[in-house]
Amino acid sequence: MAENMTIATMAQPSESPSKSGEEAPASTNPAATSAPPRPPRVPYHQIYKLPAPIRTFPLPTFYPSNPLSLFHLAVAWLRQVLLPPPAEPSVIHEGIWDPDTRSVHVKDPKSIRALWEQGFYGKGSLSRSEPNWFKRELSRRGLDGTTVSEERTASRREERRQVKWERAKAELEAIEKQKHEEAKLNSETVNAAIPEPPAAEIEPEPEVLLSSLPDHVLSATSTIPLSRAAPTNEFVPKTVAHGHVEPKPPVGPLELLALPNSYALVRGEELALSQPEPAPTEENVRKELKAPVGPIELLALPNSLVDLVALSVVSVLSEDAGVDEDESSTEDQLEASALTNDEPETSATEANDSTSSSSPPHTDGLPDSQPTQENVPATPERRKSVRFSSTVESTTFQHTDAASEVKNNNGSSDVEVFSSFVSAVEKPVILNVEPTVISQELVDKEHFQLAPEEAFFLTFGLGALRVVDPVTEAPISNEQLLIKLRANSYFPPRSVDNLSPEDPFLVQYAVYHHFRSLGWVPRHGIKFGVDWIIYQRGPVFDHSEFGIMVVPSFSDPRWSEFEHEESKKTWSWLMGVNRVLSHVLKSLVLVYVDVPPPPVFDEEMKKGGIAAALKKFTIREVMVRRFSVNRNR
């Protein structure tokens, strides 16, 4: 395969040897000595020591200056010849082809960990990359004391967000303080520029003798200024003959910023000042709400819909209660006035058993000839007949009942009824059934997904994976799997007769196989708007440094005889992708894939199979850097 590499691989940083011989100083803190020691953590370079799901047995290094190294080399070679290790790959994992998701699913936990730890293949169906949903659920339920990478990432992001918020707050406070100091300095400068009147021009006020004033003036006067008040340092604007403030040209920054932006704003202010301001009402106050942007406002929000409904109902009930209290106070006053004018009652029984035929009482100061309302008592409550039942039953509050009454039949308020209703909704309904033991066993519901390129590389390139049919459970050969993956790279899937060398799967797999062969770890880069992102060692050790965009190229002149789809990329697309990658500290690499024409590809497939056909794809990399005047001089 003809390849032109323009990307210089970065040298891996040499790991400094650990100073195991040096002992740590003894801790004098008693809390540190009493805390239980943590279990030793396995280093990452031991967990992910295999770059591929196969094992290699290299021979020891031979040093010509050391004769013993030759003996070591001979012993290792004889051991591998006489007692050869098992053929690699010794473990073949099994995956199931899923046509719905167009991926290969792996469900064996051992195979999942092996494929992830030995090359970073695939991703968890319920996770971002590493399949740790089960550990995350254990940590969330408190069944395991360990933490997962997602929780640590979330905590770091929260710390960064809090630091940014504190920094912005400090900057805003500094700006406000600077504005206040500038305004104070500006006012002092203006006041100092105003000349004070000379002392000779100030006419002294005549002295007033209190003894010379009449008595009625002394009694009406509380205090009399005996001297002229000292001039204040506050700014006093000059006035002209008409009594208006003398306008000054806006020369300072504060005056320029205070000017209106257009005549419409000036006209609007004049209209607003001319119209009387309406009195604030409760509805207007309620409408003046601000968006909760601070941490205190966010914490003040209700936690659930039940709390929100409770707050609204309580506010409505409080308003109704206030209105009813006013009405009840008026009724109490009327009842008190009626009781003072009525005759004294003999007993409560006579008052309750009185009928409508009794004569109404006469009010004082009104003649008998004045028409009065008959059969209407002074207080409606005195006309009611109260009877108690021998059986007392609790009142049932239905969900559809309106919460407009302040008092219920049992004497409880609507607020108490609604609070009991909310507590009943939040509490689980306890039925009269036998208690059953709920199993606390957590089932792992996550499976492992392999992309088509990853699955075919493990199957064809390494031979460490066997893909089976989901219906017949029969193994799928490499040729059949290639045809299936090529057909499903289109939507909807194409038939076998309509396939060509420019299939998206062939182009993408050529790039994936190319970078895997060079030792990189390519993974899908849809998150960053690119086709692939490549890691030097893996996502556990470092961040990806490059983003890959695959561009098919039809440079062979024989492509003019066949229909093919040219890539339609614009400069705006290129600048947009480059800007996105620059924000995440990645470099854009355009990978041009020279696709062979159909006759050449079909001929190589018949002669040498898949390997011979893939050799006809040529890879060319072009690094794209954003031009900067300061950096590219």
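For all residues, glycine too, the Cβ spot is worked out from N, Cα and C.
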Swiss-Prot annotation of region 'Disordered' - which of the ranges 1-42, 127-168 it falls on: 1-42
Neighbour tally for Lys586 (active site), based on other Cβ positions within 10 Å of its Cβ: 20
Surrounding CB atoms that lie within 10 Å of the CB of Tyr535 (active site), all protein chains: 19
Integer Å distance between the CA atoms belonging to His543 (active site) and Lys586 (active site): 9
Surrounding CB atoms that lie within 10 Å of the CB of His543 (active site), all protein chains: 11
Tyr535 (active site) and His543 (active site), Cα-Cα, nearest whole angstrom: 7
